Each structure stands twice: as C-alpha cells, then as structure tokens.
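Student: Below is the structure I would like to discuss, written out as structure tokens.
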Amino acid sequence: MMPLIGNMSDKYGRKALLTVPLSLAIVPSAILAYSRTRNFFYAYFVVKTLIAMVCEGSVPCLALAYVADNVPEGRRASAFGILSGIASSAFVCGNLSTRFLSTASTFQVSASVAIASLVYMRVFLQDSIIDEQLTAPILTSTGKPKGKGKAHATNEIPSKNGKTFKSAPSMEDMLCLLKSSVTLSQAAVVAFFYSLAEVGLHASLMYYLKARFHFNKDQFADMMVISGIAGTISQVVLMPILAPALGEARLLAVGLFFTCVHVFLYSIAWTFWVPYVAAMFSVLFVFSQPCMRSIVSKQVGSCEQGKAQGCISGISSFANVISPLIFSPLTALFLSERAPFHFPGFSIMCVGFASVRAVTS
C-alpha cells in the first residue's frame, strides 16, 4: 500500500492523502474511548487491523515526502532529523501521559488528539506545489531508467505519450525505480535489514528482559522514555549540526554502527542496569532513518518523492512482517529449557548480525 499511497500523493497532493490515514486513525481510539468491554475490544481489534492494512506507516511516509517538497537538498537531512525528533518527543509525551491518566481517560485523550491533528492539518497545512515540468521522469518513453544518478532538472515538458507510472505501480515499476540509481538500490537493502533488526529487537527484547531480569511494564516504559528523550535531543539539537559537517552518508554509517553496538550490548547484558545504558545509545543510532530517507529523496525528482519514500516504506513493512516470524520463536527457544546451549541473549545477538548486514550494505 505504501508505494500506491505515495504515488497517489504525487498526483493528488500530500494534503489530500494525509487526510485519509489521519481520519481513519480516530476510529479505533474512539471505540475504546466509548467502551472497553469484550465486544468493543474485538471491534477495536478488527477495525485497527483493517485500517492498518490500508494506512499503517503512511503518515510518516507522506510527511517525509512533504518535507522533501519544501526543503532544499542541502538542508533536507537536518529537516528530516528534526521531523524524527518531533515524532520521538511525541512518543515520550505519550508514554509519560499514561502514568497520570486512567485507562478510560487514556483512550479519550488519544481520540481527542487524533481529531486535533486532523483539524490542524486541514486548516493550517498548505499543500505542496509539485511542478512536474521542472523534473525529468525516472522512466523514459521506453520504460528504461534514464541513468544511474538522480533525475536532473529540465525545462522540457515530458511527452504525454511517454510511459508514466500508473496510480497502482506494478512490481516492475518499483524495480525500475529502485534500479534507476545504485544509491537508491543500496538504500533499499539498508532499509530492509535495518527494519529487520529494529522490529526483531522490539519483538524479542521485552520477553528477554522479563525472563532475564524480571522487568515489569514500568521498567519497560522507563527504558522507552530514556531512549525517546535521548533520541529527541540528538535529532533536534545534534543532527542539524552534524549533518552539514559530516554529510548524510557518514552520519548514516555512524548511526548503523551504534545500532549494532547497542543491540550486542543488550544480548550480553549481565545485570539489570545494562539495558538502561544500551537505551541511551539512541543518542547516536537515531541518525540512521533520517539520513537514509534524505539520501533517497535526493535520488528522485520533486514529482516522485511520494513514490520513492513509499517504496522504501513498503520494503521496511515487508521486513516488519518477516522479522517477528524469525526472532520470536528463536527467543522462545533460547529462553526455554530446550535451548541447544545456554545463551539467553542469542536471539538478540542474531538481531545484531542483521544490523551488521545493514552496515555492510
């Protein structure tokens, strides 16, 4: 769905497409805000699943495309970092607010904030003006990539008879887009393995820490808050300074390297405070996603930002499906008495190897 939504946003505007997921996101929270009985929970679960099939991850994807539309290339990495930092701060605020709200109030506040975000977007957000005449299409009239680099600006109006992407891009269209640039292909590989490692860690870590150090929900929340605060400060304060100085490629390498370090530290944790130290490494590993997205945005023209970001989001979503299927059973095995050898953190270490593959890409 992400390539489709991204492609439609290139044609019909980011604001129009943002309206869909922001509107639908209100419904699940509103159901539980009304009642939390068994039947309403099942209704919530079904509605949430159906909505997620259509628009899970579409708001960050479209937000990135919107930023790319309105920020020059030289400042794009910093802008993407600030955007991610704001999202991290929202994550922290959400976690902290649940400490002071009752269960019923939590869902009521969630629904209210979702409504407020939709109203704010419709009233205050100005839609991007995408001038397709200023950018050459990635595919030529023969359907082949124009070259290995990014599309260059041109004043020529693309031929109406030339092949263009359909509203629902086929797999061939996506492959042509990814093959249009070596950098874009490499970014797709990095996105796959990075998401594989990130979701694998989230799918395994809580079970591992509960079995190893008897962590409870409050300790998990504390770790999330620590990681979120460190990531927010890093992306909002440090990234605008480091991105122009080091460049996206070097900063991406730094982020991926410390992703490996913090995952391996979890796997060999020998006492309860080590996971808290590992969580603080988010100061450095949060650079990965904004830098990768900035690199991707520079490989395509202004009329293809949604499509490119949608393709990367789609690849990441595919990794999100595969990852728990691999790492959850592995975690269960090595936390049980049937483990072939005693190493409770082995599945976490395997997650680290997946992140190493992202670095080598």
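Every residue gets a Cβ built from N, Cα and C, even glycine.
TrEMBL does not curate its annotations; it predicts them automatically.
Okay, these came from TrEMBL:
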DOMAIN    1-361  domain 'Major facilitator superfamily (MFS) profile'
TRANSMEM  43-67  transmembrane segment
TRANSMEM  79-101  transmembrane segment
TRANSMEM  107-125  transmembrane segment
TRANSMEM  187-208  transmembrane segment
TRANSMEM  220-239  transmembrane segment
TRANSMEM  251-270  transmembrane segment
Student: Do the transmembrane segment (79-101) and the transmembrane segment (220-239) come close, with at least three CB pairs under 8 A (pairs 6 or more apart in sequence)?
Tutor: yes
Student: What else in the chain is close to the transmembrane segment (220-239), if you only count residues 6 or more beyond its ends and a Cβ gap under 8 Å?
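Tutor: Sequence-remote neighbours of the transmembrane segment (220-239) are 77-78, 81-82, 84-86, 88-89, 91-92, 95-96, 98-99, 206, 209, 251, 275-276, 279-284, 286-287, 290.
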Student: Summarise the model's confidence over the domain 'Major facilitator superfamily (MFS) profile' (1-361) as a mean pLDDT value.
Tutor: 85
